[in-house]
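For reference, the structure discussed in these notes is given below.
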Amino acid sequence: MADRAALEDLVRVQGERVRGLKQQKASAEQIEEEVAKLLKLKAQLGPDEGKPKFVLKTPKGTRDYSPRQMAVREKVFDVIISCFKRHGAEVIDTPVFELKETLTGKYGEDSKLIYDLKDQGGELLSLRYDLTVPFARYLAMNKLTNIKRYHIAKVYRRDNPAMTRGRYREFYQCDFDIAGQFDPMLPDAECLKIMCEILSSLQIGDFLVKVNDRRILDGMFAICGVPDSKFRTICSSVDKLDKVSWEEVKNEMVGEKGLAPEVADRIGDYVQQHGGVSLVEQLLQDPKLSQNKQALEGLGDLKLLFEYLTLFGIADKISFDLSLARGLDYYTGVIYEAVLLQPPARAGEEPLGVGSVAAGGRYDGLVGMFDPKGRKVPCVGLSIGVERIFSIVEQRLEAELLYKKNPKLLNQLQYCEETGIPLVAIIGEQELKDGVIKLRSVASREEVDVRREDLVEEIKRRTSQPLCIC
């Protein structure tokens, strides 16, 4: 053991010698000679079979949060929670794991992503996949028929993580739900209003909320000739249209799921359409779709929904998109998903969606699945994708430079507006003479002169306000 320790010291010293020669840019021959000595010593040392090979890291699809990242996260949560409370929601919490049978059969093809736990004494358990199914279980177990609640907690999915895009195996969800019997489409419209309020307040860029209705999808599948038994699996295929082309989705429907090519083509004619209330009215006149009872109900509700959205002043943020499917089995009515937009590459093109940051919908049958007598409690809700938002905000908080020689002030201000930078410090000749810095609010365009020694405190004061995160 002592011999091995002595050899390890020699290897360490020789390694430092090699690194020193490289830093000094010694001759290649000299470096090569010392490297050969190092390798000879390592060969004498041999493998350390008794020493465990342990890589210190977080598990795949998880992350630590530094104090700086926690500060960002807390500000994002503050914006979200204040909006939920403004709309009258109460907070609840549920266990991080549920009985396996509670979660089984609720998520369609995504059920394979549930983390099952090892049997610890008679109960088969799984980590929660989302916050919606535990909420429905909570309502049924406590015999509640009316509540506005929010819940912020971690959920777990055995997915392939893409951490640079805010996709993890352990992540936070921020849910708001309305349970109870109310006038048609009012709770749904409020959920969309909340979604728009939060995304606007977070200042993470322009966004669009896609809406559709499961009844319209089911009616469309029926008139196109999809067998009842394939509705949900074809729905999962359609839900991929925001990520892959129609041709790829069609190939999956036909090649993997056994759908007739002509049926897939008929589906394609519908799911590639999107627009506003005018598209709803157009489909109400569709000779085939208007004859389907489910689709007609869904279209009627969407028309009413757009009336409320117009009154709320958010109709311009909403797009009726027939490709939106939301793969989860428990949705029964209106569904929606918010995506961030990036500017078009060329004039005349539509903005491109660059990722979902919020989603939700109506699930009127889920509570009844847990109630012994099957009593239903109508529910609608939304979930904010905070992990993706954290990633965006963190990137925005990194040092921002405009890589141009002598850029014009107007160009710099426009850049700040486009990228969501809230404050601009302007230092010109007059400011240098006066010993001040001009601080400009990008949103309001208000400018104030601040003494240099007060600048840090003034920026802290402005960025600590509830609706500002950077």
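Even glycines carry a Cβ here, placed using N, Cα and C.
For reference, TrEMBL has these:
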BINDING   ASP130, LEU131, THR132, ARG157, GLN173, ASP177, ARG326, TYR330, TYR331  L-histidine binding site
DOMAIN    3-59  domain 'WHEP-TRS'
DOMAIN    61-407  domain 'Aminoacyl-transfer RNA synthetases class-II family profile'
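Of all Cβ atoms in the protein chains displayed, 19 besides its own lie within 10 Å of the Cβ of GLN173 (L-histidine binding site).
Cβ crowding, taken as the number of other Cβ atoms within 10 Å, peaks at TYR331 among the binding-site residues ARG326, TYR331. When pLDDT is averaged over the domain 'WHEP-TRS' (3-59), the result is 81. Maximum intra-site Cα distance, L-histidine binding residues ASP130, LEU131, THR132, ARG157, GLN173, ASP177, ARG326, TYR330, TYR331: 21 Å. Note: the domain 'WHEP-TRS' (3-59) comprises 39 helix, 0 strand, 18 coil (DSSP; helix = H, G, I, strand = E, B). Long-range C-beta contacts of THR132 (L-histidine binding site), restricted to its own chain and to partners at least six residues apart, with a cutoff below 8 Å, comprise ASP175, ASP177, TYR330, TYR363, LEU366, GLY381, SER383. When Cβ atoms from all protein chains are considered, those within 10 Å of ASP130 (L-histidine binding site) total 19, not counting its own.
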